[in-house]
Amino acid sequence: MTLIRSVSLRRILDSRGNPTVEADVLTESGGFGRAAAPSGASTGEYEAIELPTGEAIAAARQHAVPRLVGEVHAGNQRDVDAALHGSDGTDDFSIIGANSAVAISMAAAKAGADVLGAPLFQHLGGTFRGDSFPVPLGNVVGGGEHAKEATHIQEFLAAPIGAPSVSEAVFANAAVHERIGELLDERGVPAGKGDEGAWAPAVDDATAFEIVAQATEDVADDVGFDIGVGLDVAASELYDPEDEVYRYGDVERTPAEQVDYMADLVDEYDLAYVEDPVEENDFDGFADLTERVGDRTVLCGDDLFVTNVERLQRGIDEGAGNAILVKPNQIGTLSDAVDAVELATRNGLDAVVSHRSGETEDATIAHLAVATNAPFIKTGTVGGERTAKLNELIRIAEDAV
Ligand SMILES: O=C(O)[C@@H](CO)OP(=O)(O)O
Ligand SMILES: [Mg+2]
């Protein structure tokens, strides 16, 4: 019924104005799915390979499409993703590109759901999913690789952990974003926005903490539930492997000092969430920090784990982190992303389904988060490519998809 009739690939724009891969999958019975690959700026060293768009499309047309059309059922996601792996033959999608692979994988899932007449989250997660929702972590101030001349820490996140519904959480994050705009204005600090729509003021990290803490408190008072503060430090981008130091402008920290600094920040700001507090090869430092503060905050590996079950298993064995960031394009298929969530969940780690800094209107990750019962989703606060996912969560909660 869901046998794939055609796969079309094209070059479309992402939110940074760069080209990316979009895939259309059509089934014999008329089911249709369309999806597009996102793209990172602060990419991890161990991510699956994103090829230049034209190359990825040509390679996928040559190697993957013939293995899918007339061969594989879109409703069987494992078969679709196995065909993608089989057509590539490497363990990092360096032949067809993880950008082509993920676009096809997600488009096939949507085509499968379309044939079934079921919402995507239900096709992926089953009929008992759809009652619990992830807490949206909203990027409200940022710098690093997402905005030059702004903060050293890449993302300051609003974490509306006490919100009674996903809709109230989404609106609370937007209110924090707006309040920060006012606070910056009051201080006379001009601010543009970074790649993900967060404010990108030229202030130091300490000032950003002050402003974000005040804004989350103000909005929490208004809405009547708890809003915590989270961070994506993206520490690999601050780390100089030659000198073995983290550089925050003129301030340098050794790996041991970096762990101390992160532990101090967790206590000083009662941080609800910290992503990539140390660089991507430092499992020991991550484990040390987890031992020290893992009982009171979510310590999430992004560049550390790259949605890869082998790296995640190492983290589990070594006690490095208590959460994993899940980005389908880091690993190339939905099946691999779901495997990472399931391994994490079985071992008591939280899954945080995530966007990339370069995005499209594609809202697959909203469905993936609901389908896998992920406790968190990180997908920005404002801007059309971010609200595409946030609004989809609101629709899923209302049974309106
Ligand atoms: O580091 C991250 O978590 C992401 C998304 O916020 O950024 P990028 O897509 O640039 O890797
Ligand atoms: Mg990150």
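Glycine is treated like the rest: Cβ placed from N, Cα and C.
TrEMBL does not curate its annotations; it predicts them automatically.
Now, the feature entries from TrEMBL:
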DOMAIN    4-124  domain 'Enolase N-terminal'
DOMAIN    130-400  domain 'Enolase C-terminal TIM barrel'
BINDING   His146, Glu155, Glu275, Asp302, Ser354, His355, Arg356, Ser357, Lys378  substrate binding site
BINDING   Gln154, Lys327, Arg356, Ser357, Lys378  (2R)-2-phosphoglycerate binding site
ACT_SITE  Glu196  active site, proton donor
BINDING   Asp232, Glu275, Asp302  Mg(2+) binding site
ACT_SITE  Lys327  active site, proton acceptor
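A map of TrEMBL features onto the structure.
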residue: His146; record: substrate binding site; CB count, 10 Å: 26
residue: Gln154; record: (2R)-2-phosphoglycerate binding site; CB count, 10 Å: 29
residue: Asp232; record: Mg(2+) binding site; CB count, 10 Å: 27
residue: Glu275; record: substrate binding site; CB count, 10 Å: 27
residue: Asp302; record: Mg(2+) binding site; CB count, 10 Å: 31
residue: Lys327; record: (2R)-2-phosphoglycerate binding site; CB count, 10 Å: 27
residue: Ser354; record: substrate binding site; CB count, 10 Å: 27
residue: Arg356; record: substrate binding site; CB count, 10 Å: 27
residue: Ser357; record: (2R)-2-phosphoglycerate binding site; CB count, 10 Å: 25
residue: Lys378; record: substrate binding site; CB count, 10 Å: 30
What subset of the binding-site residues Gln154, Asp302, Lys327 lies within 10 angstroms of His146 (substrate binding site) at the C-alpha level?
-> Gln154
Other C-beta atoms within 10 angstroms of the C-beta of Glu196 (active site, proton donor) total 29
DSSP three-state assignment for His146 (substrate binding site) | helix
Which of the binding-site residues listed here (Asp232, Glu275, Ser354, Ser357, Lys378) have a Cα atom within 10 Å of the Cα of Glu196 (active site, proton donor)?
-> Ser357
Where does the mean pLDDT land for the domain 'Enolase N-terminal' (4-124)?
-> 98
Which residues, in sequence order, are found in the same chain with Cβ within 8 Å of the centroid defined by the Cβ atoms of His146, Glu155, Glu275, Asp302, Ser354, His355, Arg356, Ser357, Lys378 at the substrate site, excluding those residues themselves?
-> Gly40, Ser42, Asn139, Gln154, Glu196, Asp232, Leu325, Lys327
Per the 10 Å Cα distance test against Lys327 ((2R)-2-phosphoglycerate binding site), the binding-site residues Asp232, Asp302, Arg356 reduce to Asp302, Arg356
If you measure from the C-alpha of Glu275 (substrate binding site), which of the binding-site residues Asp232, Asp302, Ser357 fall inside 10 Å?
-> Asp232, Asp302
Want to know which binding-site residues, from Asp302, Ser354, Arg356, Lys378, are within 10 Å of Gln154 ((2R)-2-phosphoglycerate binding site) at Cα; which are they?
-> none
Integer Cα-Cα distance in angstrom, Ser357 ((2R)-2-phosphoglycerate binding site) to Asp232 (Mg(2+) binding site) | 12
